[in-house]
Amino acid sequence: MLANANGDHDVVRGCGVRALGARWVTGVLAAVCSLALFLTGFAVLLPMPTAYAADGQGSITVNYQDDDAPISGAQAHLFHVADWNASNDGFAPTSQFREYSVDWNVYGADSETFRQLAETLAGYISRDSLKSQADHITDSTGLAVFEGLSRGLYLVTVDAYDGDSLTCKSSATLVVLPSDSGSMDVTLQSKTECSPRETPPPTPPTEEKVKKKVTKVWKNDAESNRPSKVIVQLLQDGKVYKEAELNADNDWTYEWSGLPADHEYRIVEKTVAEHYTVLVDRESDETIITNTYNPPPNPPKKKTPPPSTPPSRTPPAETGSNVTTAVACAIGLSGAGLAVLRVRRRHKANN
């Protein structure tokens, strides 16, 4: 009876060890593979390091002065015209400016190109009454601060100023966030063209007249690519005042004369020809509109018909993630095998 009891006890014990060993092996293997998968997923989910400041933390300070004298009461406007592209090496226009045929590939361009692009965009903003992102009036120190800005390309415009002792023409300046130094806080000195107001005014006042001349320049193209004519618009205080046609017969040049002097004038191209971009350069009473030709991309090659006999399938290449997981599982299996051997030896010794 005692022997049978011991035998029965041994049988029960042996089955318990085998069951415990199987459960232990299964648990170890599952734990090892789970750990490998977790580490693989964790590595994928780790955030990539970035050299840029967080969005919404930038600012642009407008310092509006004339010969170091601050000008208060000037109206400044902010326009978010473009975002950085996915590669952070250029700009993609925001939805409000996407339809304008300007060259946005200005990353690393010189100051002259930025000045002309600013003038071009300011003309279209004025003509089409585009909505600004923010508006501020310069304070007693001549400052206007725009805060909470994300990364991108901004245009700052300042309206024509008419003060008690000073009059200034409007200005437009492009600002990149972050700056070349990586700063998200930029201070710009707006260009001012100011003149003292006559005191007292002449009696009787005389109405001064001005002229405005526009010239079309073609760049990077052949004559066969050009349209036969283009229409340019003269804006008076932001509204279309007159139009003119430029063509080869008038050497792509036109001049308006007898214009009232006490207004702000800009010239824009009404419609830009296909495959061309436009830049406007305004200096005093003369405006140069440059159209640059951008050849269309080559048409896609014709697709070759598929072979009559489908090719044999090639197994996909193993990725680093798969290899890492396989190695981890192999290590787990090896450990499980050793555990099984130890269990069997212990079982034989007990028998």
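Cβ atoms here come from the backbone N, Cα and C positions, even for glycine.
Caution: TrEMBL annotation is automatic and unverified by curators.
According to TrEMBL, the protein carries these features:
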| type | residues | note |
| --- | --- | --- |
| TRANSMEM | 28-48 | transmembrane segment |
| REGION | 186-209 | region 'Disordered' |
| DOMAIN | 213-292 | domain 'CNA-B' |
| REGION | 287-321 | region 'Disordered' |
| COMPBIAS | 294-314 | compositional bias 'Pro residues' |
| TRANSMEM | 323-341 | transmembrane segment |
Segment confidence, the domain 'CNA-B' (213-292), expressed as mean pLDDT: 96
DSSP residue counts for the domain 'CNA-B' (213-292), split into helix, strand and coil: 6 helix, 52 strand, 22 coil
